[in-house]
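**Q** Before anything else, here's the structure in question.
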Amino acid sequence: MDRSLRNVLVVSFGFLLLFTAYGGLQSLQSSLYSEEGLGVTALSTLYGGMLLSSMFLPPLLIERLGCKGTIILSMCGYVAFSVGNFFASWYTLIPTSILLGLGAAPLWSAQCTYLTITGNTHAEKAGKRGKDMVNQYFGIFFLIFQSSGVWGNLISSLVFGQTPSQETLPEEQLTSCGASDCLMATTTTNSTQRPSQQLVYTLLGIYTGSGVLAVLMIAAFLQPIRDVQRESEGEKKSVPFWSTLLSTFKLYRDKRLCLLILLPLYSGLQQGFLSSEYTRSYVTCTLGIQFVGYVMICFSATDALCSVLYGKVSQYTGRAVLYVLGAVTHVSCMIALLLWRPRADHLAVFFVFSGLWGVADAVWQTQNNALYGVLFEKSKEAAFANYRLWEALGFVIAFGYSMFLCVHVKLYILLGVLSLTMVAYGLVECVESKNPIRPHAPGQVNQAEDEEIQTKM
């Protein structure tokens, strides 16, 4: 097997194991720990920590530890969060959420940097276009990574499926579910029936073990990215400490980045809505917590399949077509969620919505990462740090207002932000089409590759 592909697969399966645990836990936080909003507060704190770390940690850690060391260290924060759930309280979930958040931005920045460099290096050796290899590697990664939601949620559904069956709720009590849920209602719903603590411990044990395996896999099998860079480009020059620290903010001199900040912001908002509002106000409220995993499996499976599909299709259609597809799909889902009144006998509809949400989310995950990697190829660490910063802010906002706004208000907010996002993205495409060739920065790649980066992606 090609060495580059092997490294991509190691990263992908390491993230698969790690997010099998974290993805399952995130989907259940708002339902398991609904008392006084502990679950959503923990998630909001988590992404607040990620927002802060995005400002300075990723470039520093990647420069000092390399991509592999950064990934390993950051993964340990995720394992700590799983352990913290064994003793869920304000004194355990909040500190471990902060720890996870501080490691999340470096983790994703290191992953994106690793795949981008690996793709460009392999493309140079194989005589292929760098952007195509980067897109392909991101497609492979997200195919494997997004399936983590399938396994994580399948585990939770099988474990919680041992909970005694819940009675069907009266019609009048279902009126507080869905878009009408304002979280102030005192009506009893299926969300009040929590699984036994023994089942919760069983689930957490499985998740913690999965996270530990992820750390061991990366440590044992992933080739350090600096070794790859030395082989293809020679020894890397030393970067001053403060230059690395400020690189995240210096990138805002590029007007394209200023226009693109809404893309990761919306990505965080829509993911936060699905994992918090949809799972709690629609699924748990109407069907019960044991159905959360099954519904999220549909989302994850669709997301995974579309991720690899988009990685292949984008080289023929261009990214703009995929962005329009994602926007239209999400707008349709939001309007339907505003109008729909969920009932237990609408079982298939719960899966349709989660599946369509995955179709659109795959666009944001694959194309956003590839777009940042291509447009800011010479400032990858800082660009991806900025991406995670704004995505984290989206999560913080989504979880932060979760306990204070009605679901229908949150849907209107999503619609508004998505509209602004597409306008800003369209402006970036206009800028790119009018400036097919840009001046070379010191140390930039050859002109042919630069032209491809600016005109094709």
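Glycine too: its Cβ is placed from the backbone N, Cα and C atoms.
So Swiss-Prot lists the following for this protein:
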CARBOHYD  Asn190  N-linked glycosylation site
TRANSMEM  8-28  transmembrane segment
TRANSMEM  42-62  transmembrane segment
TRANSMEM  65-85  transmembrane segment
TRANSMEM  86-106  transmembrane segment
TRANSMEM  140-160  transmembrane segment
TRANSMEM  202-222  transmembrane segment
TRANSMEM  257-277  transmembrane segment
TRANSMEM  291-311  transmembrane segment
TRANSMEM  320-340  transmembrane segment
TRANSMEM  344-364  transmembrane segment
TRANSMEM  395-415  transmembrane segment
**Q** At a threshold of under 8 Å on Cβ distances, which of 42-62, 65-85, 140-160 pairs most often with the transmembrane segment (257-277)?
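**A** It is 42-62, which has the most Cβ pairs under 8 Å.
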**Q** Which listed stretch (86-106, 140-160, 202-222, 344-364) has the most C-beta pairs under 8 A with the transmembrane segment (291-311)?
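**A** Checked against 86-106, 140-160, 202-222, 344-364; highest Cβ contact count belongs to 140-160.
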**Q** Quick check for me: are there 3+ Cβ pairs below 8 Å between the transmembrane segment (202-222) and the transmembrane segment (140-160), leaving out pairs under 6 residues apart?
**A** yes
**Q** Count the Cβ pairs between the transmembrane segment (86-106) and the transmembrane segment (42-62) that lie under 8 angstroms and are 6 or more residues apart in sequence, then report whether there are at least 3.
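**A** Touching, yes - the transmembrane segment (86-106) and the transmembrane segment (42-62) meet the threshold of 3 or more Cβ pairs under 8 Å.
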